[in-house]
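*Asks:* Just passing along the structure, written as structure tokens.
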Amino acid sequence: MALRRPMVAGNWKMNGSAQLAQELFNKFATKLQDDSVEVVLCPPSIYLESVRQLLDENKETLNGCLVRMGTQNLSQHDFGAYTGEISGQMLKDSGCRYVIIGHSERRRMYGETSNIVAEKFAAAQKHGLTPILCVGESGPAREARRTFEVIAEELDVVIEKNGTMAFDNAIIAYEPLWAVGTGKSATPEQAQEVHAFIRKRLSEVSPFIGENIRILYGGSVTPSNAADLFAQPDVDGGLIGGVSLNATEFLSLCTIAMSA
């Protein structure tokens with residue numbers, strides 16, 4: 001069985017502040033003892049420089065702990081007249097290692113199709129960023145028992161454009177739309193069932209990738225349910241929304257992941 005290092009990624013969405021970043025780093029020094037968990041902060045782009053400075057200033061106090069910087073979106077284009085967009089190269093230059101791709105809010109609110117998501121996935125990897133690819137079904141799709149069908153379709157578009165081996169440098173986040181921001185989380189059994197399906201589907205085309213890719217769960221993860229979720233054999237951590245804005249609770253999730 002592969003040894004997959006747990007990851008806890010905080011998606012601040014359009015929230016947070018430079019003060020929140022400082023509060024998190026103050027707690028990292030006391031709560032994170034080693035590299036057994038990888039922590040990723042994904043603030044709004046305006047705060048990337050603040051987080052980067054804190055990473056530089058706290059190298060010694062972090063003492064080998066894996067705290068990385070990510071972002072919430074990128075353009076599928078390298079450059080050009082795309083007002084308000086940020087390219088993969090710009091994000092790489094800012095110090096980002098990860099980028100969230102295909103979050104349900106981007107798909108729903110901004111009309112990002114699976115083809116656009118696949119293009120953004122490719123753009124991220126072209127510029128040395130690791131995509132965190134979000135997939136997940138709506139409430140009606142789950143009720144119609146179409147969960148696996150929806151997720152397979154979302155994965156297949158990315159595979160068709162980028163090839164299976166592109167997942168050798170990628171993270172997948174299962175975020176059921178009916179659990180994102182609703183306070184209603186998937187049960188550990190529901191999460192495990194879908195994570196196992198994702199791993200099996202990738203294993204069919206590449207056993208190595210299927211075994212080694214990290215699959216996060218996202219959707220109303222809290223300190224009260226994280227231990228049971230993270231204990232599932234195919235759940236490798238979480239993509240965290242609201243709780244990532246509370247330094248104490250977010251660090252609780254990190255420590256839970258360390259012992260999962």
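FYI, residue positions are counted from 1 along the chain as it appears here.
Placement of Cβ uses the backbone N, Cα and C atoms for every residue, glycine included.
Remember, it's a predicted structure, so these values are computed and weren't measured experimentally.
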*Asks:* Please state which member of Gly64, Gly181 Swiss-Prot lists alongside Asn11, Trp12, Lys13, Ser220, Gly241, Gly242 for binding substrate.
*Replies:* Gly181
*Asks:* Quiz question: given the recorded positions Lys13, His103, which has the greatest number of C-beta atoms lying within 10 angstroms of its own C-beta?
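*Replies:* Buried the deepest by this measure is His103.
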*Asks:* Based on Cα coordinates, which of the following binding-site residues are within 10 Å of His103 (active site, electrophile): Gly181, Ser220, Gly241, Gly242?
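*Replies:* Checking each Cα against His103 (active site, electrophile), there are no hits.
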*Asks:* Based on the record's binding annotation for substrate (Asn11, Trp12, Lys13, Gly181, Ser220, Gly241, Gly242), what whole-number value in Å is the widest Cα to Cα distance?
*Replies:* 14
*Asks:* Helix, strand or coil for His103 (active site, electrophile)? Use DSSP.
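*Replies:* Where His103 (active site, electrophile) sits, the three-state DSSP reduction gives coil.
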